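Working notes for the structure below.
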Amino acid sequence: MLRFLVFASLVLYGHSTQDFPETNARVVGGAEARRNSWPSQISLQYLSGGSWYHTCGGTLIRRNWVMTAAHCVSSQMTFRVVVGDHNLSQNDGTEQYVSVQKIMVHPTWNSNNVAAGYDIALLRLAQSVTLNNYVQLAVLPQEGTILANNNPCYITGWGRTRTNGQLSQTLQQAYLPSVDYSICSSSSYWGSTVKTTMVCAGGDGVRSGCQGDSGGPLHCLVNGQYSVHGVTSFVSSMGCNVSKKPTVFTRVSAYISWMNNVIAYT
């Protein structure tokens, strides 16, 4: 939320015509996901005043490791991960709650420059979760994999369902086809803000991420199987669902080696 406030203050101080990247993305223009249809999706929650609050999404990649966005985490806060959840406001009977034991942010991440990339972090859980029909590990792409333009993808999360709207209590999904780097980095889209280590998806002005989905997965259908190709990173500060401003994700396939090393040696 701090990053949201930073960008909001830029708008308040007379920069409303500029297009800053806005982190903390959420699902806009989507629909409620079928219960537990995305079993690698997690809710990252922080402790405040004795209560837990959803702040970001994430992806279960090992029984005791979660992948999320670097801008979602802080060493000054206490976090937990909830797996197997669908409705955050009620007990579904399928949830597992696990404390975050260690936060590993990519060493090149710069919290003052989200557009530089490296918006990825791994969370080591205090204990391994139990895999079942409601909790599964994500399939990750091979290192270096690049999505074809217009590849079918879905974003999922509990974020806002419209710009400046309320958080969703039930998991939402929205169809966001991928946008090729050559298009997304063109001057009529994101320009030089987008890097080759990112994935763009959507941009139709209707469906997008928005504040609250950050850190969550972009599930893409490749060779008949859904795999997580993106970590939700930022949207336009002009609004979540702005035409030709696709939701931008950290490209998972650019960080496979880094993640494998962190997991092996941490």
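Cβ coordinates are placed from backbone N, Cα and C, and glycine is handled just like the others.
Note that the coordinates shown come from a computational prediction; the quantities given were computed from them, not determined experimentally.
In Swiss-Prot this protein carries:
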- 1-16: signal peptide (SIGNAL)
- 27-264: domain 'Peptidase S1' (DOMAIN)
- CYS56-CYS72: disulfide bond (DISULFID)
- HIS71: active site, charge relay system (ACT_SITE)
- ASP85, ASN87, GLN90, GLU95: Ca(2+) binding site (BINDING)
- ASP119: active site, charge relay system (ACT_SITE)
- CYS153-CYS220: disulfide bond (DISULFID)
- CYS184-CYS200: disulfide bond (DISULFID)
- CYS210-CYS240: disulfide bond (DISULFID)
- SER214: active site, charge relay system (ACT_SITE)
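Overlay of Swiss-Prot feature records on the structure.
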residue : record                           : DSSP class
CYS56   : disulfide bond                   : strand
HIS71   : active site, charge relay system : helix
ASP85   : Ca(2+) binding site              : coil
GLN90   : Ca(2+) binding site              : coil
ASP119  : active site, charge relay system : coil
CYS200  : disulfide bond                   : strand
SER214  : active site, charge relay system : coil
CYS220  : disulfide bond                   : strand
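Here is what falls inside 10 Å of the CA of SER214 (active site, charge relay system) among the recorded positions HIS71, CYS72, ASN87, GLU95, CYS153, CYS200: HIS71, CYS72. A gap of 6 Å separates the Cα atoms of ASP119 (active site, charge relay system) and HIS71 (active site, charge relay system). Each of the recorded positions ASN87, GLN90, SER214 was ranked by the number of other C-beta atoms within 10 Å, and first place falls to SER214.
Within 8 A of the CB centroid of the Ca(2+) site residues ASP85, ASN87, GLN90, GLU95, the other residues of that chain are VAL82, HIS86, LEU88, SER89, ASN91, ASP92, THR94. Taking the recorded positions ASP85, GLU95, ASP119 in turn, the residue surrounded by the fewest other Cβ atoms inside 10 Å of its Cβ turns out to be GLU95.
Taking the Cβ of CYS220 (disulfide bond) as reference, residues of its chain lying under 8 Å away and at least six apart in sequence are, in sequence order, LEU147, ASN151, PRO152, CYS153, TYR154, SER178, TYR226, SER227, VAL228, HIS229, GLY230. Cα separation, CYS184 (disulfide bond) to HIS71 (active site, charge relay system), rounded: 22 Å.
Every protein chain considered, the tally of other Cβ atoms within 10 Å of the Cβ of CYS153 (disulfide bond) stands at 27. Considering only the recorded positions HIS71, ASP85, ASN87, GLN90, GLU95, CYS200 (disulfide bond) has HIS71 as its nearest partner by CA-CA distance.
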